[in-house]
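S.K.: Here's a structure for you.
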Amino acid sequence: MADAIDDIVDVVVSTAPDVRDGLTGRRVYEADENPSGERQLEADVYADELLEARLLDVDAVGSYASEERESVIEADEGGRYHVAADPLDGSSNLKSNNTMGTLFGVYEEPLPAAGDALVAAGYVLYGPITTLITARDGTVTESVIDEDGTRTVVTDDLTLPSDPVVYGFGGRVPNWTPAFADYVESVASELKLRYGGAMIGDVNQVLTYGGVFGYPGLEDRPEGKLRLLFEGHPIAAIVEAAGGASSDGDGSLLKKEPEQLHERTPLFVGNDEYIERLEAALP
């Protein structure tokens, strides 16, 4: 299993410089929307097509699914693992030249799969430098990806700081439920606001400084915005492996199994104390 997972991660790593280099000139919208009803940038489609072609070329990969596609794409030869990806998380930040990333989860069951079928997860963060966070076998590792696609481990056992510093929550404030708004008010009196509009960037702040990030169920969208398979499970696996917690407001995201490929979920991750307080605050 180890070699096969390494092969999958290596493809994501080697693709990262191509995704980053390809952002220039792809800041305009396509005519189409993705399956979640969001407008697609040319950069979304470009990153998705690169990952699909390269991951399905790995012998161990049996299928590929992404936030940008309606259905699962099967490999010609059935491999053991199934990859779910958000090829360009935070792509709406491209116009303003802010943080984006590539998020992926490796499952050992056909998609859509339950959180306990996830065997590895990770994300590439396109910031001032390009970094990779991976979670596997209960350990989180941080690496730097160079322009030629090589990676160098900089932290081999990343854990959440025990003294939380930052918080960030998505969704329009007028659409927050009263219970969630009250919770945020208490958090805001203790932590510093850090919210950049790309989940990967905001979660990376939490991993670096400790704290809490979430995108809640809203008054007009109780199911939330983020996708369980493409975003919820992988981010939950990373934060939990780093010693934190995840929740949909009721329990760990890794205990949830989507019935549909693009199923949405409220999402909260961070230090245990803030996730416990969140679950106690929500009805």
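Note that Cβ sites are derived from N, Cα and C of the backbone, with glycine treated the same way.
For reference, Swiss-Prot lists these features for the protein:
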- Glu67, Asp86, Leu88: Mg(2+) 1 binding site (BINDING)
- Asp86, Asp89, Glu231: Mg(2+) 2 binding site (BINDING)
- Asp89, Gly90, Ser91, Ser92, Tyr195, Lys225: substrate binding site (BINDING)
S.K.: Around the C-beta of Glu231 (Mg(2+) 2 binding site), how many further C-beta atoms are within 10 angstroms, looking at every protein chain?
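M.R.: Cβ-Cβ neighbours of Glu231 (Mg(2+) 2 binding site) within 10 Å number 26.
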S.K.: List the residues in the vicinity of the Mg(2+) 2 site, defined as same-chain residues other than Asp86, Asp89, Glu231 with C-beta within 8 angstroms of the site's C-beta centre.
M.R.: Glu67, Ala85, Gly90, Gly101, Leu103, Tyr123, Met199, Ile200, Leu226, Arg227, Phe230, Pro234, Ile235
S.K.: On a C-alpha basis, identify the one among Tyr195, Lys225, Glu231 that is nearest to Leu88 (Mg(2+) 1 binding site); the candidates are the binding-site residues.
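M.R.: With Cα distances computed to Leu88 (Mg(2+) 1 binding site), the winner among Tyr195, Lys225, Glu231 is Glu231.
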S.K.: List which of the binding-site residues Ser92, Lys225, Glu231 have their Cα within 10 Å of the Cα of Asp86 (Mg(2+) 1 binding site), in sequence order.
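M.R.: Near Asp86 (Mg(2+) 1 binding site) by Cα: Glu231.
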S.K.: Counting all other Cβ atoms within 10 Å across every protein chain shown, which of the binding-site residues Ser91, Ser92 scores highest?
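M.R.: It comes out as Ser91.
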S.K.: So among Asp89, Gly90, Tyr195, all listed as binding-site residues, which is physically nearest to Glu67 (Mg(2+) 1 binding site)? Use the C-alpha atoms.
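M.R.: Nearest listed residue in space: Asp89.
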S.K.: If you skip the near sequence neighbours and keep only those at least six away, which residues in the chain come within under 8 angstroms of Lys225 (substrate binding site), Cβ to Cβ?
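M.R.: Once residues fewer than 6 apart are set aside, Lys225 (substrate binding site) is near Gly170, Gly171, Tyr215, Leu218, Arg264.
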